[in-house]
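Listed in TrEMBL for this protein:
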type     : residues : note
DOMAIN   : 20-226   : domain 'Glycosyltransferase N-terminal'
REGION   : 89-108   : region 'Disordered'
DOMAIN   : 300-518  : domain 'Glycosyltransferase N-terminal'
TRANSMEM : 723-742  : transmembrane segment
Amino acid sequence: MDIHSKDSSHDHSSISKQGEVVIITVPFPCHSHLNQLLHLSCLISSSYNIPVHYATTSTHLRQAKLRFNDTTHLQNSQLHFHEFPTPDFLSPSPTPNPSNKSPTHLQPSFESSIHLRQPMAALLQNISATARKVIVIHDVLMAYVVQDIANVPNAKSYAFTPTCSFSSFFDGWQMMGKPLLEKPPPKGLPSIEGCYPTEILNLVARQIDFLKFTTGHIYNSCKSIEDILKVGLPVNTWEQREETVTSSTIAKVVQNLITSKEGEEIRKRAKELGASTRQAVKEGGVSRMELDSFIAHITSHLNQLLHLSCLISSSYNIPVHYATASTHLRQAKHRFNNKTHLQNSQVHFHEFPTPDFVSPSPTPNPSTKFPTHLQPSFESSIHLRQPMAALLQSISATARKVIVIHDVLMAYAVQDIANVPNAESYAFSPTSPFSSFFDGWQMKGKPSLEKPPPKGLPSIEGCFSIEILHLIALQIDFLKSTTGYIYNSCRSVEGTYIDLIANDQFNRNKLIWSIGPLILGADCDRRNSNTPKDKCLEWLDKQAPKSIFYVSFGTTTTMTDEEIKELAMGLEQSEQKFIWVFREADKGDIFTGEVTKEKLPEGFEERVKEVGMVVRDWAPQVEILGHPSTGGFMSHYGWNSCFESITTGVPISAWPMHSDQPKNAFLVTDILKVGLPIKTWEQRDEIVTSSTIAKAVQKLIASKEGEEIRKRAEELGASTRQALSLFVGCSLVLFLLYLLWFPSSYLSCFLNGEASIISVKHFFIQTVREGKNYPDALAKRRVEELEQLVI
């Protein structure tokens, strides 16, 4: 991430809303350190319209401002300076004729920074009280000073390293005693001997324990230069450091670099490297992508997969084709939270007509929870085969390569991919690997497994209607021709079950990619800072941390009158504050007919108006789950809701209804142990009483057991987010590199149902580490090169 970008025209002015995300930068009191973080602060505050607070000692703030090369940026209203007093320290002149080149005379200044811990903690508490999220970017030598971040629930920290990745790695490797490496270090690598005085090593050692709490590390570098470069000449080597450099040596080096053939070749390489480095910070460049992705990651708002499609097409100038039925395209656009992205010229929408289908309202008081009223809508997708084939032929005629990413239930509709030589397809599964594997295993008659299935695994009985099983069966033969499968999951949550899928005989020679969590792997901001804050979030802002119980059963669940009555009474009896999203399940066409307003017990809303909020329309679920005031979630356990809750570290009360939900609930409550069952799948025909609901809410929000579950949920959420942070900025870059192996690549993704274009963040990692097949010899070589840059 190169922070010295001159391309300030890149417009991200609306990426953050006031009161949402605030950044604090904490530099180390040495000029090069002060300067780099001040550049980064100016870049973020001016380009992304995010408040940035630059905090250091009074002395060093004055120094940083005095030497900054563009004082106009310092007047930016989003950039705030905080200067803290420190005890007086010695400030001697440099030692004349020193025996050691390390600036030991600055040591008193360096050590003065230790006294910043208390004022920094006070600043953090002050800002975190009004911000939704606080991101602290601190110099790697200031981890001790910002250690109190651990006590602030809505704050995260990133360590900024002002030295190059090369020296950071090999200095650390030598300090650790040169442990065994997979590949030997570069020949002639300078030793660490004489590089640092004892005092600075002690200061480094003091930071180690506190660096363990950081979310990630940031480097002022870019991938184009982190290699052995050969764009310079040595005046003397590190081994010659005690020798005097003579005037004749200096004269020869100057002449060699300026007037010799060797110097001309070095200058040429330096010029080429400079061009590629500058390109990295321009629109679409690798470093700009990484900074964009980092800002998107920390601003944390997401409208799932369609948003990611728009991000790729707008940020990386790749054509994306979103193709589905007219009715469902209208629905997808209607519920998308950022309409401006839909105007991007690189996103192409294709709406195909389908025969008219019945779109009944959900069945009141249904005997089965599966949304059978949606079956006509599901079956209408079969008629998309012909228009999809025509679109594929049209695009493939001018593209070198076409990538089709289709929902796993749309394999029949895109089967004509097999007739297009420059196209390949990937099936996106919107369910968890755990439920996908064990539902499939049960459907196949429970064949023998190497290890027995988990004890208490829910049966598949009652999960699916006969009609949907027929639709699934229709896809099987066409799924055999896919190149691989894509899951919205990650190894920290489902590594065991991802491996089970990869090793399944049906998936032999296929790539299995786990690319989640998608809710943090996309440009999550609202982009429109003028959008009014949702009423749910305004209400949550006024509540105590982890005090609110959120209730939502998704878009396909229909509850009986008795269940609604018991749930309402249970929430009231629990005496806990809550948000309840209470709306009718979707119809096949959400725009036809009137929406039925479900009835609550008489007087309920009036009685609970001081402690609860009933929401009868669309609610910003990811933002609600990510809010510090949310302490628990009652859910139907659809995988999107489930994984959103896992990623945000919110424990879940399980009330599964149909499809993959019983196994998702079992995964969360019995295996991951970050939730509690309200009722098991075996109890699905029993009425959940108000007392059971009240006890479940109280247990999750206000009991010792609930506190322990919440702690595990928060730890799992942190590890899930950390799994993504290892790839911040890299995932989309790798995806593009994968495409760009082939000249004139052209990406076309057909997006059906809930499927969308995704970033293949684990493709290279899993290929290298799990022995998957490489697409070709060139891919194998590129993967080996990329492994050195990314892993």
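Heads up, the Cβ atoms here are built off N, Cα and C, so glycines get one too.
Tertiary neighbourhood of the region 'Disordered' (89-108): same-chain residues 30, 194-197, 199-200, 241, selected by CB-CB distance under 8 Å and a gap of 6+ residues from either end. Mean pLDDT for the domain 'Glycosyltransferase N-terminal' (300-518) in this predicted model: 74. In terms of DSSP helix, strand and coil, the region 'Disordered' (89-108) has 5 helix, 0 strand, 15 coil.
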